[in-house]
């Protein structure tokens, strides 16, 4: 039995003339044109028979059009059984599920670091190539990805587009919102064996544990000072560069970190959000509460290596040690 073939009546463009497939003009083309790039491009265009009614984009397969249309409809039929997050494409769900399974099949040939998705590996490889084409006009800092520049720019604008639907708290990065939302869902699964503190991510608990171990893996190339956290090193390095990108709108004073700016702004607002549970006294900064609590606990963590005398504050120890130095100089 002879198989019937459907004759699709779609239009294509050739030499600014609209031709219909199967016409005499089209059949008269020279066979030698089959290898011509322009002709091949036209043939490929003819194959794109499935057109999106929203934006006009064309596809050669109906399945590809169906997936594309989800951009306009917002449909996300592929749902993760672990956390409920939904996706418009099945491949995105496959990559997402690796978060739960821990599978990281894409490995960097330079440093051996592994990733759950190929796109994550490609972005990471920009670190090794050193290519940083996206530069911040405010402070000159450069990034290998446009997304990195967009996130960084919020440092200057103060924009926090990611809000928690539970409590309204806003964040500048979606990853910070995700970690915060785990608190509401009760998913603080990472626990410190030393003090019992829990965190929403493995990286945060690893950073925290360095408080107990004393490990400071991040070293400044300029002065050799070491730090527990990478972000603290970054803030410190701005001192060497004399870079202070965080500026107070009230008085113009500038700071090396957003945290220091927020603490400073409370001078103008009078806000004292940190309260002592023992006596009810309030403070502008968490560090002030920690120092104040020692008046209740009688803790004296700063000990003199010369005579063993202990002090509540580091400034008291420094002042005490000067006496030993003076005694050595006069003796």
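Even glycines carry a Cβ here, placed using N, Cα and C.
For the residues 23, 32, 114, 129, Swiss-Prot attaches the annotation phosphoserine to 23, which does not rule out the feature elsewhere. With a threshold of 8 Å between CB atoms, the same-chain residues lying at least 6 positions outside the zinc finger (190-212) that come near it are 179-180, 182-183, 228-229.
In summary, the zinc finger (274-296) does not lie against the zinc finger (218-240): fewer than three C-beta pairs, each 6 or more positions apart in sequence, are under 8 Å. Per-residue confidence over the zinc finger (274-296) averages 87 (mean pLDDT, predicted model). Residues 291, 294-295 of the same chain lie 6+ residues outside the zinc finger (302-324) yet bring a C-beta within less than 8 angstroms of a C-beta in it.
By the count of Cβ pairs under 8 Å, the stretch nearest in packing to the zinc finger (134-156) among 50-72, 78-100, 106-128 is 106-128. Using DSSP to sort the residues of the zinc finger (302-324) gives these counts of helix, strand and coil: 11 helix, 4 strand, 8 coil. Secondary structure of the zinc finger (162-184), assigned with DSSP and counted as helix (H, G, I), strand (E, B) and coil, comes to 11 helix, 4 strand, 8 coil.
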